[in-house]
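One structure is given here, and the rest of the page talks about it.
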Amino acid sequence: MGFFTDAYDLFCVSLVTKLLGRIYYHVDGAEKPGSLPPHVSAAVNGVAFVGTLSGQLFFGWLGDKLGRKKVYGMTLMLMVICSIASGLSFGRDPKTVLGTLCFFRFWLGFGIGGDYPLSATIMSEYSSKKTRGAFIAAVFAMQGFGILAGGLFAIIISSMFKARFNAPSYAVDPLGSTVPEADYVWRIIVMFGAIPAALTYYWRMKMPETARYTALVAKNMEKAAADMSKVMNMDIQAEPKKEEGAEVKDRNSYKLFSKEFMSRHGVHLLGTTSTWFLLDIAFYSQNLFQKDIFSAVGWIPAAKTMNALEEVYMIARAQTLIALCSTVPGYWFTVALIDRIGRFTIQLMGFFFMTVFMFALAIPYDHWTLKENRIGFVILYSLTFFFANFGPNATTFVVPAEIFPARFRSTCHGISSAAGKLGAMVGAFGFLYLAQNQDPKKADAGYPAGIG
């Protein structure tokens, strides 16, 4: 449920950025509806990633210091409070509304960041070797349902408001196309993320600390045995503590980033960070800017032919369809097959097919923008998401939770996932500017010309 909430909170903002532009940056007499200025759009899309990156490093380290359970509750409370606060605003003018949104989305991201290393580590330490891959992948697969829930909820809310407050399109009446009540729509969508997080808090507090942490890091065998008895509903006795030989103690006392750590795990860390970094450049830019890609190929009608609520509905509908047909199935293919065909095979295969389908879309791009080829574009585009999730998006999450020793596991997972968020920032900010029209006159207001 934590991961469900993470995905909902991270991606729901892409459903409402166009609406925010219409409400707060309307320009009288402009041919196109208002859009967020470059720095504001970059902040709204990217600030949560900056928070997530910081949270992954901080809570990852804290999880190895204080234990998984203590820190797990903290991250959730932070997510509940900041989800609600993101939808409120201090004042009514654009600066204060979006300033509040960005401030709380940073701290929301900080809480989400903690969920990454801790969820993976806890699941890894609770499961057996035989099913460990599937269990960790199943936690991550809830991301797909989170993205799906965001789209479905936006469809429901925008439909309700559209039925109650109908308005003409922007081309007919620029000012009247955005009803004042539309301001509630984005707030409700953003705040809804607090509900699943709040519901999960009770169960997280009931969960005992993982036995592996208690035994291997906190060195309390009796407590570890008692916790395992509770989880497995059977009586488990702690073995009498044997005095470790000096040689074993010495072998396991190396520090994080020490020479010994680097010789044993340096290559592993390089592998988990670099693959996650490279994947997220593509994965996050595609998720955040789906709406722009769909508008470019004409799958979503031109903004001026719709009113504000209609636009939210169309964007949500397109994103929900992609989530339903490719994102969600991709995750569950991984869950079903990861312990059979292995992490390495899935990761390589996923990267390979993502590359193939992206080239197939990008090289004959003009062919796909023709009206009769739109469906083909959407099918190939869906397949890039399918193979991202039945591929590196899932395996980059699973591997760091398994490959490092217990006392560094949470920290190393935090470092790996933070490298991913660095890639997400490159994707989010880079795409925003590069996707602008090559003709400076046709670029969105305030943006420099891009590469189209």
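Cβ atoms are placed via backbone N, Cα and C, with glycine included.
TrEMBL: automatically predicted annotations, no manual curation.
What TrEMBL lists as domain 'Major facilitator superfamily (MFS) profile' is 1-452.
Residues annotated as transmembrane segment in TrEMBL: 39-59 (among others). Note on the transmembrane segment (39-59): residues 9-10, 13-14, 17, 20-21, 25, 71, 74-75, 94, 98, 101-102, 105-114, 116-118, 284, 288, 410, 414-415, 417-418, 421-422, 424-425, 428-429, 432 of its chain, located 6 or more positions outside it, place their CB under 8 angstroms from a CB of the stretch.
Outside the transmembrane segment (71-90) by six or more residues, the chain places 2, 5-6, 9, 55, 59, 62-63, 96-97, 99-101, 104-105, 107-108, 110-115, 118, 122, 186-188, 190-194, 197-198, 200-201, 204-205, 207 with a CB less than 8 A from a CB of the stretch. Residues or ranges marked as transmembrane segment in TrEMBL: 71-90 (among others).
If you look up TrEMBL, you'll see 134-161 (among others) marked as transmembrane segment.
Outside the transmembrane segment (184-203), and at least 6 residues removed from its termini, the chain residues within Cβ reach (under 8 Å) are 1-2, 4-5, 8-9, 12-13, 15-16, 19-20, 23, 73, 76-77, 79-81, 83-84, 86-88, 101, 108, 150, 153-154, 157-158, 161, 309, 312. The transmembrane segment annotation in TrEMBL covers 184-203 (among others).
Feature annotation from TrEMBL assigns transmembrane segment to 321-338 (among others).
As annotated by TrEMBL, transmembrane segment applies to 344-363 (among others).
Within the same chain, residues 137, 140-141, 144, 275-276, 279, 282-283, 286, 293, 297, 299, 322, 325-327, 329-331, 333-335, 337-338, 346-347, 349-351, 353-354, 357-358, 360-361, 368-369 sit at least 6 positions outside the transmembrane segment (375-394) and bring their C-beta atoms closer than 8 Å to a C-beta of that stretch. Residues or ranges marked as transmembrane segment in TrEMBL: 375-394 (among others).
What TrEMBL lists as transmembrane segment is 414-435 (among others).
Mean model confidence for the domain 'Major facilitator superfamily (MFS) profile' (1-452) is a pLDDT of 85.
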